[in-house]
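Read the structure below first, then the notes.
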Amino acid sequence: MTTDTIVAQATAPGRGGVGIIRISGDLATNVAMAVLGKVPKTRYADYCDFKDADDRVIDQGIALFFKGPNSFTGEDVLELQGHGGQIVLDMLIKRVMQVSGVRIAKPGEFSEQAFLNDKLDLTQAEAIADLIDATSEQAAKSALQSLQGEFSKEVHELVEQVTNLRLYVEAAIDFPDEEVDFLSDGKIANALYRIIAKLDTVQDSAKQGSIIREGMKVVIAGRPNAGKSSLLNALAGKESAIVTEIAGTTRDVLREHIHLDGMPLHIIDTAGLRDTLDTVEKIGIERAWAEIATADRVLFMVDGTTTDAVDPHDIWPDFIDRLPTRLGVTVVRNKADLTGESLEKSQEQGFDVYRISAKTGLGVEELKQHLKSLMGYQSNLEGGFIARRRHLEALELAASHLQLGKEQLEVYLAGELLAEELRMAQMALSEITGKFTSDDLLGKIFSSFCIGK
């Protein structure tokens, strides 16, 4: 843990009404004496002159002092709130750095100090950056939920349950004559099943939180000439893709990034899927399947003039069978202007079905509302927590260890191996909040923050 005293501009660079300089560390009181001639009363706004080394006034403003550990970073913190001119702020930072032992903060170092001093866990620290970077009200609300500890609470509950079960299993191992009875009486199995079910729920919520933060990747897929490129253009609100009556016009992957009520949506238009001898088209089809493999949702585009079927298993069973497990699919029956179909949404064998005309725009707004709901949009803004890709990976790793532990229990009654899988699951979960985290990961996370945060 660093013992340096750090300084940085806490407000955005450039011209503004107010500019804030933040200092954190043991030398914050030395800085106060040098710049203000006194240490302000803790947690009181003090109007002061900010002076240079020759006792000349650089600026005038509000000084705030927070005595550690009752501060954001857990250290002594001094904030100087002056006028927002960049030259004045630069002069003030230079003055602060004339105090021996003070240096410029690295990006995210204030938040890192808060984490290292147990003022925040890692998910809460990340939520600060996510709140700043939020591109929608929903993302901001979810980031605030994480900052207030909603995600951490879920993870801590899982860690506690895994730890308690691990201790119970290890206690059984310590009594080898009774180990088999302990493992086979159903108590351990039931506890493990409850943990796995709880983790599944948290994973679903985290995936939703990741979509709110990073956006949802939606791949438009289907046979040639189903209207995929027309739908891309309709969703994007511009002519992004070339549209013709010639099957196979789209040979490569086309991408559009749009916002629906501020929520990011990444739309991927792909080549029509079919058997072909054309080398270039084959490459496009391979790329289409690669995009589908990493999608959050597939819009299965169907030419409504070629079939009356609505169940995707009836329309194209080979396509549905090849899709990744648990990948959500929305069936989009296109050309409703020609078929005269009702635009009402329906459900077929668990699949959402929408009727639209990508050419005229009929039903497109309803499809947009559907995509918004999939991204977790809620008009009352009572959304869940925000999540990052690393959180999803850690949850997936924990889930895999729990599944392996389940196998060790059910098939082999192997207590020691079950305990080891529980230990690995515990470590994976604890990495989310930073209980067990490498220095490399901390550096990567906090270096992406703003300087001054």
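Each Cβ is built from the backbone N, Cα and C atoms, and glycine gets one as well.
On a predicted model such as this, the values are computed, not experimentally measured, just so you know.
Straight from Swiss-Prot, the features:
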BINDING   Arg22, Glu79, Lys119, Lys453  (6S)-5-formyl-5,6,7,8-tetrahydrofolate binding site
BINDING   Asn225, Thr244, Ile246, Thr249  K(+) binding site
BINDING   225-230, 244-250, 269-272, 334-337  GTP binding site
BINDING   Ser229, Thr250  Mg(2+) binding site
DOMAIN    215-376  domain 'TrmE-type G'
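Features per Swiss-Prot, on structure.
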| residue | record | Cβ contacts under 8 Å, 6 or more apart |
| --- | --- | --- |
| Glu79 | (6S)-5-formyl-5,6,7,8-tetrahydrofolate binding site | Ala10, Ile20, Ile21, Arg22, Ile23, Ala63, Leu64, Phe65, Phe66 |
| Lys119 | (6S)-5-formyl-5,6,7,8-tetrahydrofolate binding site | Pro69, Phe72, Thr73, Gly74 |
| Lys335 | GTP binding site | Gly227, Asp303, Gly304, Thr305, Ser357, Ala358, Lys359 |
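Classification of Lys335 (GTP binding site) by DSSP places it in coil, neither helical nor stranded. Here the CA atom of Ala271 (GTP binding site) lies 10 Å from the CA atom of Asn225 (K(+) binding site). Looking at Ala271 (GTP binding site) and Ser229 (Mg(2+) binding site), their Cα atoms lie 9 Å from each other. Secondary structure at Ser229 (Mg(2+) binding site), as computed by DSSP, is helix.
Of all the binding-site residues listed here (Arg22, Lys228), the one with the fewest other CB atoms within 10 A of its own CB is Arg22.
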